[in-house]
């Protein structure tokens, strides 16, 4: 039963936008991650079919205490998997309805004119042959190592390093055991899609972080200076928090908040493994945090990545499940406006990065515009990363200062980032680009692909060999 409960919990986390499939699976307490991953992935693949069966058999109307995620997992394994392996009341419940479910499956096959279970997937598939293939992005954890050492490690494992990418198009050509240094982010390596490093020694030791390129943008563009006090408002599962710590060089302090105890415990383990120090995890709804509490009087930077629809996560959910209802969008956007307004109430904050893994305007440009109107002239949008090819939708003057990401345009998951800065002489970071971005653009203009990163970024990164 533990397997099915764990799978149902992962499905629920996906629906709430708490992370991607792999991060939720490997962040769970279930000891057999591959078994759990396979069950959840197949349940997602059969998602539309399972919903049709549950609806036709009226299972949830009969068994009102059976949660939908658990029902999907049980019915998948009962009809399409290896058979129910659990015990207890849920197994008895599923078997009690087996005849009804099998009859509904037979009727569904007749309606669709197919004879095999696999054929049911074809008309319901949301991906299609033209679905974009997002590379595997690997962020080098500079708290424990450096880019050069990680590159050498992978070369010893039989990978071929092709140097620094010169364009997004070059990333599309990756195949086999070849990899590149990303053209935008200085500590990001790029491998072919589906490359799996979850069992790799560098990942299990915290020397590398598996993080989509778009997800690296918020901390990168926030660009807190070493020694600063920073808030990560909706922090779990912790990849962005560890990125903040790397940018801070483990100096200063990070206040990280999340409402889920289990997710915070997992996050704490992850941060310790990554060598992060000077952080404080707090189980608390960020909306209830007092901006005028003296402990936050030095907070100049806030990273805000609130719950969202997750509609940009192309590899996480079937297309049908990635389209939120109008009601859910309205509720999410309301929450996002409240939490962004709350973040800007911290008296010392100078710079804030707001991000979502959504492609919906309601959660992105509309939220930013509404809050900026509330603030009057107190905050402004920063024209972040001008060379980034995908900009905000032109829904209000200045929206082009925002960044968007998509599989088609940037070869990443769908994402949105806006950087807000306090107006006036006390603005903490007058440049629209972080220092690391300036260096990256200088490389684009004057250094051949494959050149080593500037020495000033490597000077103190040899203390841990991998």
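In case you wondered, yes, glycine gets a Cβ from its N, Cα and C as well.
Automated prediction, rather than curation, is the source of TrEMBL annotations.
Summarising the annotation, TrEMBL assigns coiled coil to 91-118.
The domain 'SAM-dependent MTase RsmB/NOP-type' feature in TrEMBL is assigned to 126-423.
Neighbour count (other Cβ atoms within 10 Å of the Cβ, all protein chains): 26 for residue 236 (S-adenosyl-L-methionine binding site). Sequence annotations record features per position, and here TrEMBL assigns S-adenosyl-L-methionine binding site to 234, 235, 236, 237, 238, 239, 240, 258, 285, 305.
What TrEMBL records for 357 is active site, nucleophile.
According to TrEMBL, the feature region 'Disordered' maps to 429-466.
The compositional bias 'Basic residues' annotation in TrEMBL covers 454-466.
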Given a separation of at least six residues and a C-beta threshold under 8 Å, show me what packs close to residue 240 (S-adenosyl-L-methionine binding site) in the same chain.
215, 218, 219, 232, 303, 305
Counting other C-beta atoms within 10 angstroms, the emptiest spot among the recorded positions 234, 357 is 234
In Å, rounded, how far does the Cα of residue 234 (S-adenosyl-L-methionine binding site) sit from the Cα of residue 357 (active site, nucleophile)?
13
